[in-house]
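Novice: Mind looking over this structure? Questions follow.
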DNA sequence: AATGAATGAGTTTTCATTCAT
DNA sequence: AATGAATGAAAACTCATTCAT
């Protein structure tokens, strides 16, 4: 829910690691950064420490990252990219999904993503300066929102959606924020089916899912009616 | 949506500012902290700079705050307390509010709170270390959620709510997160009536608001029916 | 062994406490200084802390002591004066004392003085900057040495002393240093009779105490030979 | 009289100066510390000043010493080690030394050690916090005392010594303290042959050196007899 | 490319001392 | 005389970054 659905651009890395060796080095640095952040927190996250723990020299660190910030950004990006690996499925599989399926998928993926690397992700959320981080995660959300908007638009007749783009933004943001908050303050809820059900209810309710009533079609609900006639 | 509905306890302040003078000094320091954070960012936020800008000596700063962190916490607390000023109304006025009114109020207050001191709040969200900050804002949310849960419980017959506490948590978190995110990435939405309407729709939908249909009562929607029968 | 045998001069005190109240205040400050030094060490010994612990304001402290150093000096002086209370006896009672008695007294008083306020004295020795302290204690020693020198001179025929002044300096310094060192590193020895005996032996041996051998007097020289006949 | 007869262990140095360069840097820092302490006193002894005066950056200082204290300790240790260079001779050459030779050597070395780096040593004694310093010098003393005790034990028949260990402690402490005190308060004595003679007399007298009296052997002294028979 | 010793500006924090009340 | 809030110079220490090897 917070990963670049596509690929990442040249982050400020000084040099694109072309050789395998370089790639390994960059990986080691990023992973070590994650490890230290996790184990010892933001305070302990110094470039010298990272380099030593990664088994390289500070100089090497600066060969591949112009900045400490760049390294941090790379870490966040990596997380974002791992999130993408999950979201991308949804983005594509959403296409043919029925309304209920789509909603279930959406909710499920939001939860999965939070649970997958909860501790690291939590550490990043809590300890890292958000300056550049936010945009990264937002980009992920935007792409998911775009995919979702498309899907919503395609199912307009079954749903109570006027502005798919705004609705998608609201949905994605809600889910994102809910899982984040829950990760931070009620981590135990993350695994409860009850919580998942509520999230689905939230989405379902918001989308005003219309059930085909075979005999006596219910008149559209107040809210829906109002919504449909309004102009934004 | 993120303020202590009650008052805050003795935070780490070294000395309880009893005299008016002390109070003014503490105020000046906190406001200056806010100002610098706003104008020059986290990097410029050094104790010496704060003190100088506040027109006092560093020593005085440390007379009232044991730590830089304590000062920052005090700032966050102040924001949280200002939020409370708004939330407290809702908490009380919610009691007799009809369902529609309550929802409108809830949404309205969430937006108001974000808009009121948007820039400062944004700065705090983006730049400050969340270590102690999170709990402060969470406390606010919890209290609002409690008030909301009560209200929900009292209107159970009109609503589609099984677990008021969980529902309240979800609602509060959603609204909080939505306004936060929007403040950070789509600040222009914060003032759009469209956005407010959507938030109301989100809440209304989620709560499964039941409309009294005078003639032909619609059979409860699928979702609702399902929900009612499920065991949590 | 380290106290001013006479009285102390105007230490740098800003004002001679004439009133009883002032005297009490000065006392409280000095005693509090000792207490803090003892309980919490040199690091905790700040003027503000001392004043607060003594129940007065810092301003009052500076009313009576121009300096932190002056306060410290006053403490040392007080200790030195307490030592004097003991030494002064020796100084006078030494006059008519026999050689053996004199030696026993000298040694005994050196030990008593170290034992009396061992912890505080130890703290002063270990933690205080010696800048001005040394001279204070030295003055005590000098006076004792003077008294001792006189006594030695008066007993020249029984002793093997050429330069009473130098001998006295050596004796006083030795005893002083021995008790100090022992206090610091072998405090348990301070109470052992064995240690006291050795100190007497040291003095006796050094002074070459001549024993009147009734029958067959050993031939002189040999300071050593003479020494052999002494009884401890 | 105050140096580690052996070598010193890893003190708190952050990094073992393996390269020649590092060694030079550490040396420069320690020597500069000594110089400043000597020239400008304890007050002027700030890490920044030391570093600047040594021609390196503060950072470098902290690369090799975790603490200001560690640097100070290193200085003391260096002095202690230099003392050792002298004492070690005595320790070994004492073995075959006759009683008179041994005593002369002991006294001589005590004086030499004090004279060698009198000003620096004085500064250390007067200005440095003794917290960790004391143990260092004490260790030196203990080792010398051990060597001395052995020598005393080996010459028991010529001397009036019951408990070599205690006697050695007393001797070493006396000499140490006498030279220290004299360095502090009567530095001119340090070079006087008279003073040296007295020290020898002190030791000789205390040890109850027995002279072989060819004709009429004097009966053993009282003290000696008692001492020999008593159990401690 | 890699190293890691060196850098030093910049940060937090302390605490002796003053002075308006 | 007493107070104690205010001062601010100065200290210890950090750590991102560079650059000679």
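Placement of Cβ uses the backbone N, Cα and C atoms for every residue, glycine included.
All TrEMBL annotations are machine predictions without curation.
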Novice: Can you say which of D:1-20, D:21-40 is given as region 'Disordered' in TrEMBL?
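Specialist: My reading of TrEMBL: the region 'Disordered' range is D:1-20.
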Novice: Using TrEMBL as the reference, determine which range in D:46-65, D:66-85 is annotated DNA-binding region.
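Specialist: Based on what TrEMBL states, DNA-binding region spans D:46-65.
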Novice: Could you give me three numbers for the domain 'HTH tetR-type' (D:23-83), the DSSP helix, strand and coil residue counts?
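Specialist: So the counts come to 52 helix, 0 strand, 9 coil.
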Novice: Averaged over the whole of the domain 'HTH tetR-type' (D:23-83), what is the pLDDT?
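Specialist: Value for the domain 'HTH tetR-type' (D:23-83), mean pLDDT as a whole number: 93.
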